[in-house]
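Participant: First the structure, then my questions, so here it is.
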Amino acid sequence: MKAMNSDRHVYVAWPWGHKNWVLSIAWSPDGKHLVSGSKSGSEEMDPWYLVGTLVHLSSPCRRFVTSSKDGDARIWDVTLKKSLICLSGHTLAVTCVKWGGDGIIYTGSQDCTIKMWETTQGRLIRVRCIPFMPTIARDLMHITNVITVLYCVYFMFCFFCLLYGHGHWVNSPALSTEYVLRTGAFDHTGRQYPPNEEMKKGDSPERLVSGSDDFTMFLWEPSVSKQSKKRLTGHQQLVNHVYFSPDGKWVASASFDRSVRLWNGVTGQFVTAFRRHVGPVYQVSWSADSRLLLSGSKDSTLKIWEIRTKTLKQDLPGHADEFFAVDWSPDGEKVVSGGKERILKLWKG
């Protein structure tokens with residue numbers, strides 16, 4: 001454990017353990033635990049506890065699921081620190097995994113299938129084959145041939161239509177409701193939410209944005225039409241990652257052209273470009289209140305951008321090499337990053 005002051009953000013931890021590049025990071029919905037996956041194919045089974053004492057985990061935060069290029073997905077127990085269930089059946093790498101409601105897991109693979117699993121015994125429920133589109137199963141999530149890690153939260157993924165428009169691979173899709181689906185009804189202030197039947201739907205339809213190798217993005221309203229609402233252009237190289245802000249008002253896109261672009265999340269209108277990185281930008285992450293945007297680049301720096309002023313708010317140096325994964329905790333208090341150095345770095349605001 002190390003401590004280092006970086007202006008207003010304090011570098012608070014340096015967890016070791018990985019023997020190869022850190023490629024994926026995910027926070028638990030309560031922000032007290034995180035899990036990381038590396039190129040070596042191992043998932044770190046010692047979650048880094050960010051509080052002084054070990055607390056009993058609530059149901060949505062006790063288990064997490066991983067996917068791997070060996071064709072399996074595994075359900076792990078944080079408390080027992082071991083794999084509970086192996087979901088076997090794919091013939092090629094499993095490149096995406098999502099927890100669904102009512103004890104369901106969805107996996108997508110390079111074998112062009114999407115499988116739905118029951119989580120108690122790991123029983124296969126349904127298989128959907130897409131033989132005419134070999135990349136679609138991989139396109140369900142951030143397309144990288146790496147381990148993908150996601151905590152067990154109430155995240156319902158419904159594959160209900162095919163959307164066409166891009167001229168090349170779709171590298172990253174994002175939903176306007178992704179943040180609340182990822183964290184569920186957890187609120188770090190202690191606020192209690194009513195049952196689902198009392199919750200009201202938003203005024204606008206759910207939106208989807210996709211970023212591609214063809215340098216473009218598309219904004220969709222899948223429940224309204226299979227035709228894209230708007231084509232978003234401006235990036236000069238492939239779009240590596242797209243992400244809606246938690247409030248759904250903004251879309252951020254990271255590109256190999258070394259820029260981060262900000263778009264209106266409802267209309268798709270271009271707002272501004274953040275250009276202070278000197279290398280390809282791999283990933284972005286939003287603060288819980290949608291006021292700040294975090295970007296991570298091959299140039300080994302993390303940058304925090306303020307949305308209101310459209311300016312760089314904070315530079316977070318510290319990595320000696322490029323990193324591939326960044327994530328902001330749901331409570332908005334911590335940032336984690338990982339990459340080629342084989343370590344995780346934790347920052348506290």
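A Cβ is built for glycine as well, from the same backbone N, Cα and C atoms used for every other residue.
Whatever TrEMBL says is automated annotation, not expert-curated.
According to TrEMBL, the protein carries these features:
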- 87-127: repeat 'WD' (REPEAT)
- 143-165: transmembrane segment (TRANSMEM)
- 232-273: repeat 'WD' (REPEAT)
- 274-315: repeat 'WD' (REPEAT)
- 316-349: repeat 'WD' (REPEAT)
Participant: Do you know the DSSP helix, strand and coil residue counts for the repeat 'WD' (274-315)?
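Facilitator: Residue counts for the repeat 'WD' (274-315) by secondary structure: 0 helix, 23 strand, 19 coil.
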Participant: Taking residues 6+ outside the repeat 'WD' (232-273), which of them lie with a CB under 8 Å of any CB in it?
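Facilitator: Distant contacts of the repeat 'WD' (232-273): 142, 171-180, 202, 204, 207, 209-219, 279-286, 288-290, 293, 295, 297, 305, 307, 310.
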Participant: Pull the DSSP breakdown for the repeat 'WD' (316-349) and write it out as helix, strand, coil residue counts.
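Facilitator: With helix first, then strand, then coil, the repeat 'WD' (316-349) has 0 helix, 18 strand, 16 coil.
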Participant: What are the helix, strand and coil residue counts for the repeat 'WD' (232-273) according to DSSP?
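Facilitator: Taking the repeat 'WD' (232-273) as a whole: 0 helix, 22 strand, 20 coil.
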